[in-house]
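Each remark here refers to the structure printed beneath this line.
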Amino acid sequence: MDSALTDPHNGSAEGAGPTNGTTRPPSTPEGIALAYGSLLLMALLPIFFGALRSVRCARGKNASDMPETITSRDAARFPIIASCTLLGLYLFFKIFSQEYINLLLSMYFFVLGILALSHTISPFMNRFFPANFPNRQYQLLFTQGSGENKEEIINYEFDTKDLVCLGLSSIVGVWYLLRKHWIANNLFGLAFSLNGVELLHLNNVSTGCILLGGLFIYDVFWVFGTNVMVTVAKSFEAPIKLVFPQDLLEKGLEADNFAMLGLGDIVIPGIFIALLLRFDISLKKNTHTYFYTSFAAYIFGLGLTIFIMHIFKHAQPALLYLVPACIGFPILVALAKGEVTEMFSYEESNPKDPAAVTESKEGTEASASKGLEKKEK
C-alpha cells in the first residue's frame, strides 16, 4: 500500500526524474500551490462522501453492498501484511521487467477500476434518468452445494441503470488503459478511496487506534528507513495514488511533473472518520461533533504534511502527521465532554458474521415471543 506524499518539484531526487536524463525546470509557486491544493481537495471528497455513504451502507439490506468489518485481530495483522506486500512488489520491480509487471497490473486495476467507478457514480446518475426509463432488475447468483447444504458464494443485485453506469465507467477504463492519463488515474483513485471508506468498517474505536497506530509505524519505517515505498510508488503504474501536475499552468493537460498522494493516506484515516460519524449518529444528539472534529484534524494533518515536505524537499510519511491528529483531536473532545467511555464502548457487529446473524435472529424471535405473550394477556 502506497502511503507516501512525494514532492517532485525543482528536480529533487525524490521526484520522478525525466527519462532523457535532463533536469526539469523548477515549478512555479503558483503551480505548486495549485497541485497541493488540488490533492488536498481530492483527498477530502472521498472521505466526506464515503463517510456519509457508510451510514447508509451499515443500514442496507442488499447483500452486495454489505460492509466488510475490520476486527482488532485484522487491524493488528494489517501492517505486517502490508509490509510483506510492499517488499514483494519492490523485489518484483528489481528482478523482473517493470514493463510486463505494470501491464499485468494495468489489466487487473482496469477491471477493478470500472467496477469501483460504476458503484461510485450510480447514486448520482440515478438523478439524471427520466421517470419513464425502462429499468429492469437483475440478479447474479452463484451457489455451492445443493438442498439444505446450498451456500451463496456471490449474490449481486443490479438493474439497467447500473449497466449504463458500467458502460460509462468502461469508457474511462479504456482511456486509462490506452493513455494512462492522470485524470483517468485520479477518477479511478477517487472511486477506490470512496468505496474503501464506504465499505470498510471498523468495529470499534479501539480497533481504529490499533490499525492507525500500526500503520503509523509502517509508514514511518518504509519512508524514512528505506527507499522502498517511494520506489514502488513511482514504479507502480496503477491508480493506487492521486496525482496532480505542478506544471499544469505551463503545459496544460499534457503536464508531467507530478506531486502524488497515496490512497492509503485517504482510506485509512477515512474509515476511522466514518466510524466517528456513525458513533455521532448513535448518540442521537444531531450534532456530529466527532465527525467534524476528525475531519478538521485530517485537514490539519495533511496540510502539515505538505508544509513539512515543501520545507525539507523530501517525501513524507503522511500518516506520521495524520494519525496523531485524527486520533488525538476526537479524544480531546471526548475528554472535554466526558464521553470517553461511550466512545470506546461503541461497537459495530459484522453483518457477514454468522454469529452476528444468529444473534440478530435470536433477538428478533425473542421480541416476537414477548409480543405474542402481551397479546395473549
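Glycine is treated like the rest: Cβ placed from N, Cα and C.
Database features (TrEMBL):
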{"type": "REGION", "residues": "1-27", "note": "region 'Disordered'"}
{"type": "TRANSMEM", "residues": "33-55", "note": "transmembrane segment"}
{"type": "TRANSMEM", "residues": "75-93", "note": "transmembrane segment"}
{"type": "TRANSMEM", "residues": "100-121", "note": "transmembrane segment"}
{"type": "TRANSMEM", "residues": "199-224", "note": "transmembrane segment"}
{"type": "TRANSMEM", "residues": "258-277", "note": "transmembrane segment"}
{"type": "TRANSMEM", "residues": "289-312", "note": "transmembrane segment"}
{"type": "TRANSMEM", "residues": "318-336", "note": "transmembrane segment"}
{"type": "REGION", "residues": "346-377", "note": "region 'Disordered'"}
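In this chain, the transmembrane segment (75-93) does not touch the transmembrane segment (318-336); fewer than three CB pairs sit within less than 8 A of each other, excluding pairs fewer than 6 residues apart. Through the fold, the transmembrane segment (75-93) approaches residues 1, 101, 202, 207-208, 210-211, 214-215, 217-218, 222, 228-229, 231-232, 235-236 of its own chain, all at least 6 residues removed from its boundaries and within a Cβ separation under 8 Å.
Contact count against the transmembrane segment (199-224) (Cβ pairs under 8 Å) is highest for 258-277, out of 100-121, 258-277, 289-312.
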